[in-house]
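Read the structure below first, then the notes.
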Amino acid sequence: MSKLKQGTFITFEGGEGIGKSTQCQMLYEYLKSQNIPVILTREVGGTNVAEKIREILVHTDLLPMSELLQAMAARYDHMVKKIIPALQAGNIVICDRFIDSTACYQGLELENGIELVYNLHKDLMPPLMPDLTFFIDVESSIAIERVNSRNMSNKFDVRGLDFYNKIYDCFKGLSKKFPERIVTIKASDLNPEQVYELIKKHLNLI
């Protein structure tokens, strides 16, 4: 029996170049083909306001706290205007990045920043966390090679291996901290179809 129920909130997490967005799209297309109500969205982004904030975040050098607060402002707009209404209407919501990315990308730049991110979410955001998170686990050396082969880039893409390692270690740590929510998909040696089969298997879709 599928683990997916109406109003399930699923997020995909991990560093750059891991194929996360591809997996979001594949799951979305499959659920749509099965006539299951589903929406696909992303962070930072998902609404007009949040997408404008995204442009600032990914292309502008900001002070760490400024970056975190802008990410949180974008999330509030996204949650209130899109995610929560979709869940309340019975949709499955698939989100490409959410709070764990904020913890790793913005929280790591601040003292006790990871704890701060989750506390801010608890105190300022509507009371919602993902029901399930897939961490696409791809080794940093492979991820950075993939990123270097693509034409598009933002300020996170072009940082060096040390940055990729730091982000990778952060997501690994979060997967151990929240094992009831985060499912790790070891994907370094797998193609997208193989990764997707593991995701479907976990969701009891096959």
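The backbone N, Cα and C atoms fix where each Cβ goes, glycine too.
As recorded in TrEMBL:
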| type | residues | note |
| --- | --- | --- |
| DOMAIN | 12-197 | domain 'Thymidylate kinase-like' |
| BINDING | Gly14, Gly15, Glu16, Gly17, Ile18, Gly19, Lys20, Ser21 | ATP binding site |
Point to revise | Which same-chain residues, if any, lie at least 6 apart from Lys20 (ATP binding site) yet have Cβ under 8 Å of it | key: Phe12, Glu13, Gly14, Asp96, Arg97, Ile136
Revision key, fill the gap. Quick note, Ser21 (ATP binding site): same-chain residues at least 6 apart with CB under 8 Å of its CB -> Phe12, Arg42, Asp96
Study note, to complete from the structure: Rounded mean pLDDT within the domain 'Thymidylate kinase-like' (12-197) lands at 93
Study note, to complete from the structure: Min neighbour Cβ count (10 Å) across binding-site residues Gly14, Gly19 flags Gly19
**Study point:** Lys20 (ATP binding site) in three-state DSSP notation
**Key:** helix
Practice item. Run through the Cβ atoms and count how many others sit within 10 Å of the one on Gly15 (ATP binding site). Key: 28
Check your understanding: Whose Cβ lies within 8 Å of the mean position of the Cβ atoms of Gly14, Gly15, Glu16, Gly17, Ile18, Gly19, Lys20, Ser21, the ATP site, other than those residues?
Key -> Ile136, Val138, Ala143, Arg146
Practice item. Specify the count of other C-beta atoms within 10 Å of the C-beta of Glu16 (ATP binding site). Key: 22
Review point. Going along the chain, which residues six or more apart from Ile18 (ATP binding site) have their CB under 8 A from its CB?
Key: Ile136, Asp137, Val138, Ala143, Arg146, Ala187
Review point. Looking only at Cβ atoms, how many others are within 10 Å of the one on Gly17 (ATP binding site)?
Key: 19
